[in-house]
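Colleague: Residues or ranges marked as substrate binding site in TrEMBL: D12, S13, Y44, G45, N76, T77, T188, H189. For C75, C187, the entry in TrEMBL reads active site, proton donor/acceptor.
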Amino acid sequence: MESENRPIGFFDSGIGGISVLKEAVKILPNENYVYFGDSKMAPYGIRTVENVKELTLNAVKFLLKKDIKALVIACNTATSAAIIDLRKEYSKYMPVIGIEPALKPAMEINRIGKVVIMATTMTLSEKKFNNLMKKYDKNSMIEPLPCPGLVELIEQGIIKGKVIEDYLNPKLLPLKKQGIAAVVLGCTHYPFIKESISKILGNDIPIIDGSKGTVQQLKRQLIKYNIINKNIDKLGSIKIFNSMNSQDIIKLSYELLKR
Ligand code: DGL
C-alpha cells in the first residue's frame, strides 16, 4: 500500500481513546484509522508501571501487523509508562504520539481557584506528570484528583445519570466549595462524562482535555514524515478492534465515536 494511504494506529487500555480518535477524524478526515482497545485488561491505572508497559508494547505489536504509518497512544496511563520505550523502538520508522494532561492551556486560563486534574492513580504518581506539575504549579494551584473506579464504569457504557453523579459528587463538591478555576481531564475515558461534571460544577467552569493538542501534534508529525494523506476527495475508513471478545464493546465504541 502507498505509504500515505496506510492507517494511523490508535491505542488505549479500553474505549477511552475513542475520544481522541473522534478529534482526529474531525481534524484529519481523509486519513484511515485502526483502533485497538484492551478492554479485557482495563483498567491499566491500578497496575504496576512494568505491567502497563508490557501490555502496551504487546498491543502496539497488534497494530503494527495492521501496517500502520503512525502510532497514537491515546491513553495517559500507557503514555506515562511506555512512551520512552516506544519512541526508542519505533520513531525511526514512524511518528509516535502520546497524550498527557493538558496543564498548559488550563494554567493559561488564569481564573481564580484551583486547577483540578482528574486522572488515574498511576498517571498522577508517575514521573512524567510530576515533572509537568513542577513546570506549571508555581503557586500550588494544581489539585491532582485520582479517580479509581471511574474507568470501570465508563467501560460499561455508564456515562451519565445517578451512578456517575454519585461517584463524582463526593470528589468534586468539596473542591467546588474551595473554588475551581478549571478541570483537566487527564484520562481519555473522562471526556465521555463531561456533561455530568458540568452538571455538578456549573457550565462556567472550563473542562479541558488533551485530545485536540494530541491530534495537532499528530498532524505536524505526519507532515514532517511526509506521510499525510493528500487524497482530500475521499473520507478515510475506521476499523475498531478490542481484546474483549464481544460485539457489545465494538458497538459501544462506534456509538461513542458518533456522539
Ligand atoms: N484511558 C486511560 C487513560 O487515559 C485509562 C487508563 C486505565 O485503563 O486505567 O489514562
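Cβ coordinates are placed from backbone N, Cα and C, and glycine is handled just like the others.
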Colleague: Quick one: give me the count of other CB atoms within 10 A of the CB of D12 (substrate binding site).
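Modeller: Excluding its own Cβ, the number within 10 Å is 33.
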Colleague: Sorted by position, what residues of the same chain at least six away from Y44 (substrate binding site) have a C-beta under 8 A from it?
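Modeller: Once residues fewer than 6 apart are set aside, Y44 (substrate binding site) is near S13, D38, V52, L55, C75, T77, A78, A81, T120, M122.
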Colleague: When a 10 Å sphere is centred on the Cβ of T188 (substrate binding site), how many other Cβ atoms does it contain?
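Modeller: Other Cβ atoms within 10 Å of T188 (substrate binding site): 32.
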Colleague: In Å, rounded, how far does the Cα of N76 (substrate binding site) sit from the Cα of C187 (active site, proton donor/acceptor)?
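Modeller: It is 6 Å, counting Cα to Cα.
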Colleague: Using Cα coordinates, what distance in whole Å links G45 (substrate binding site) and C187 (active site, proton donor/acceptor)?
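Modeller: So the alpha carbons of G45 (substrate binding site) and C187 (active site, proton donor/acceptor) sit roughly 10 Å from each other.
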Colleague: Check each residue in the chain of C187 (active site, proton donor/acceptor) that is at least six apart in sequence and keep those whose C-beta is under 8 Å from its C-beta; list them in sequence order.
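Modeller: C187 (active site, proton donor/acceptor) has long-range Cβ partners G16, G45, N76, T77, M118, A119, T120, T123, C147, L150, V151.
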Colleague: Identify all same-chain residues not among D12, S13, Y44, G45, N76, T77, T188, H189 whose C-beta atom falls within 8 angstroms of the centroid of the substrate site's C-beta atoms; report them in sequence order.
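Modeller: Everything else in range on the chain: G14, G16, G17, A42, P43, C75, A78, T120, T123, V151, C187.
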Colleague: Within its own chain, what residues at least 6 apart in sequence put their Cβ under 8 Å from the Cβ of H189 (substrate binding site), listed in sequence order?
Modeller: G14, I15, G16, S19, L150, V151, I154, E155
